[in-house]
Amino acid sequence: MSNSLSLPGSQLPSADSHSSRETEQYLRFYLEPDTNALLPILQLAEVLNVPIAQIVPIAHMPAWVMGVYNWRGEILWMVDLGHLVGLTPCYQQAINTSTYTTIVLQATSKNT
């Protein structure tokens, strides 16, 4: 993921609030310089800068799985979202950096 994140002005109408005029906030980030994506703020736990050297590769995984990272004692699977959806992998982009900006999503469960 690239190092570009934005929050102000990233609001879209909520799908279930047709007439109430409520809005849901989104985090906008860039998968490539000209390709952005949105994630609902309610699903975010934290945004981190992870040193590449601290990502531990895991053998026999798909190419878009970068490895794992220890975050506050929890193991996070590091996924190159752009690569997963068919864009240029992070390691092939012209970004010269020793860290990846990482979005940590919180697990949500719906009891039915």
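Cβ coordinates are placed from backbone N, Cα and C, and glycine is handled just like the others.
TrEMBL lists 1-20 with the feature region 'Disordered'.
The compositional bias 'Polar residues' annotation in TrEMBL covers 1-17.
Model confidence over the domain 'CheW-like' (23-112) is summarised by a mean pLDDT of 89. As annotated by TrEMBL, domain 'CheW-like' applies to 23-112.
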Residue distribution over DSSP helix, strand and coil in the domain 'CheW-like' (23-112): 13 helix, 45 strand, 32 coil
